[in-house]
Structures are given as structure tokens and as C-alpha cells.
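For reference, TrEMBL has these:
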type: ACT_SITE; residues: Cys144; note: active site
type: ACT_SITE; residues: His302; note: active site
type: ACT_SITE; residues: Asn327; note: active site
type: DOMAIN; residues: 88-387; note: domain 'Calpain catalytic'
type: REGION; residues: 1-21; note: region 'Disordered'
Amino acid sequence: MGCGASVDNDSDSQASLEEWEKVQRRRRSGISYLSDEDSDNEAGYQKDLQEKSLKATGFQQGASIAIVDEIYPAARDTSLLETTSGTLFLDNDFPPSETALYHSKRTRDPQIIWLRPHELTNNPELLVGGVSRHDIVQGILADCWFLSACSAVAQIPRLMEKVIPRNQKLSGEGYKGIVTFRFWRFGNWVTVYVDDLLPTRKRKLIFSKSSEPREFWVSLLEKAYAKLHGSYEALEGGQAMDALVDLTSGLAEMYALDSAPPHLYNFLLQASLNGAFITCSRKGDWRATTRKADSNGLVSGHAYTISAVATVKLSTGSDAFLVRIRNPWGIDTEWNGKWNDSDSNWHNVDSSTKQKIEYIKRGDGEFWMSYQDFCREFEEVTICSITPDLSQHSSIKSNPSNADGPIPPTTMKCIHGRWKKNKTCGGSRNNLVSYAKNPQFLLTLSPKTSREDCNIVIALMQLRRRCVRHPQRKMLQIAFVTFKLTLDVTNKN
């Protein structure tokens, strides 16, 4: 599955390993990429980690996923993955074969051929003119949840530079057939190396691609994310909030629109202006084989990106509350109701306002709709805010000149743990006796804090279940519950 972890630098491998283990024990990052059985045994964990790390030479297994510069600045160096003269990198951890495509007993496609970008077009590049939300075009893989998140983050190109390092070649001098990406995984940025071989059918990419034929960041980012999860198939069906966190190190919150708080529109508006990343989804079966829209132009069981929220003054004197949404298909499958690209309501908006909100009439999968229709047609909305790790960029969208301004006072605490059988597995609240065995954490607000404006966001994540190939080890139903304790109870703890 390509889940071996290694330190990628030029220093002595044993010394690096020991230092890395110290950092990991201190930070309790939870990024082991080992089996569930090994992760339950600390001694086995350290032994297996050492064996895998010391294999990180040449193109041996375990050399293509590494902890990056937050722990070791030298981890950016790819010397352990150097090719011999005249050869191109081939990723043995994620080989161009059926094992990279599937983890189930799905019927195989003998027509799939793996090709490199320079075999598909002349002068390919990872990026052509930078990243844009309009670059992303979904393929046959049902990973709209991931692509909608990519589209949201692509609105702030400087943030995508954390995920897609600069100066990577797909042809010409310095080209070696290897591409590097970074993802946020449980407290650390993780580097994932992949070769640039992509699955095709009749010389056409079958999964995601860029709207620019010479550009391949979309396809290769998707491949790296598939490798991180074990296969392309593992990306079918998911929550955009998970991908948003992996791409930004942010904190994501999801709201059900049928029970949305009354202030949600204002929250969306402020979040959009502050550079938060927002996605939404429609109710329905994402496994549906048809790629057809409903009569209103929207696709059921599909994830979208919210690219803007705007309150528009009309010539009638009233206000229109609008949401701009993008379909990751990148084609003219768009909302055809009120406020669609050709709707007469746009006649009531002056040209300067249209220019300000970037209203463009074109069939590119992006459209406007009223907030009222949005709440009726969509099921959930996810808002991802940036953590202190990248919070200096949080105002880039609304104020680019302030991108390097002061970081607002923010505190982040990461706690890592697990549910252990007969110890901390308390189950649900259906059994309150055992429920008390679940891990508990006490959060205390001082009197001074209580008098000031204070927001607390709690995020609960589970480790790499999506990449496990065993059919009984899928994503688990997990949750947390908050209780307000009396002063007496607090003092007893």
C-alpha cells in the first residue's frame, strides 16, 4: 500500500531515526503508516519503523513517504530517490498496476495503460500559469469530495505552494519522472513522492485532469493522495472536510442545512471574505453510475465548491443573498434556476457590481444561486478555517497586501490517543455505564477568558482507516460529546 514511513535526508540514517523517534514520542503525531497490530505494540512499532526507515535507499520500499521540513529541513532533499543516468523514477511502493487502482475484487480493465505526461502531450508542465479552481476536471473516479476541496484551496494559490512545491519538471533538463506533494496528517506535513505515470484509456486520462492539456498538477496530486490512502479506489466516496484538513492543516466544521443556525449566511459570508475554504454537497447516492444532472441542473450525491458568497444590491433597492458554486466536473452542468448565468435577475445588478463579484456568463460548471435555493437544494456545507500553522495567510483572499501581517491570538492543542479493548472502549451513550470508560478531557475557561469573545473549535479525526484494504476495517462511526460540569465536579477532577 505504500505506507512505509522513512526519514529522507543526508545525515546518518541511524542517528536520524533515533532523533525522529524522539520527536514522534514527544509530539505523539500518530503518523506511523504501520499495521493496526504493530501500532498496538510500542516495541513492535519502533522495531518495524527502524527496519522500514533503514530500507530508504535507492528505490526500495518505504522511501517514498517521509516526514518533511517541520522536523528535518533536509527532508526536502530527494537524494535517496535519485535515479541513475538516463532512467526515470518508478515508484515500487505504488506501482503502475492494478494494485494501485483497486483494493477490492472489482472487474479489471485490460485497456488501461500507464503513460507519462510527455507521452500524452508536448512540453508538459506541472503548473501552467499557476493553480486555479477552474483547472480541475473530474474523471470517472467518484472522488468529487477531494476535488471540491482542491478547488476551494486553489482559490489561494500561495497556500497550494505548501502542497505542491515549486520548480518540479515533467520534461526537459532536470526531469527524472518523480513529483513531490505534501499533505497534513495528524500534526505534521507529510511528503509523498510519486512517479508521473498516469492511468489512461486510448491515450486519454481516465481520472481527474486539468482544463489545460499541458498541465498535470490535478492528475498527479490525485495520484499522490491515492497513494496516501492505498489505492485510487480508496478515494471513492468521502467527506470534503477530511480532504480540506489534509490540504490546509485547518479545522473543518460541517453544518446540516435542514437545521442550519439562523446566522449561517453571515457566517458563510464572513468565512468567504476571510479566506476560509467552503464546500457543499447534495443528498443522493454517490455510487450512481450515471453522470446526469437532475432537471434543475444539479447532481445528486455530489460535492461542490463554494467559491464566493455575496450580498448584492439590486436596482429595485432590495438585497440579494447569493452563493457562487462550482461543479468539479468542470463542464456546463450548472444550476438552471433563479440567478443562473442567463437569468433575468442579473438585469437588476449594475455592471460595476457584476465585475466586483466576478460574474461571468459561461458554461464552465460555476454558477450563482440564491442562498434560499442553496439551503433547499443542498444537504451539507463544510467550512475549513486555517490553523496557526498557516493563519498568516488567512486574509489573503480579502486583503492580499496583508498576507504577511500579524497572526491573531490563537492556541491549538493536539491530543493523540486510541480506544483500547476492555480499557477505553466505552461505546455509545446507549450504555451509560460503559460510556464513562471513553477517553475524557477537561477544558477549563478562566474567568478572564469567559468575559471576552472566545471561539473554541474541536475536531476529531481517525487514523488512516481509508487506506486499510481489509473489508471490515472501513471508516468507523466516531463522535465526541461536550458536557458542562459544575464547579464541584470540576474540582473533584
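Every residue, even glycine, has its Cβ placed from backbone N, Cα and C.
Automated prediction, rather than curation, is the source of TrEMBL annotations.
A distance of 9 Å separates the Cα atom of Cys144 (active site) from that of Asn327 (active site). Between Asn327 (active site) and His302 (active site), the C-alpha separation comes to 9 Å. Its Cβ placed at the centre, His302 (active site) has 25 other Cβ atoms within 10 Å.
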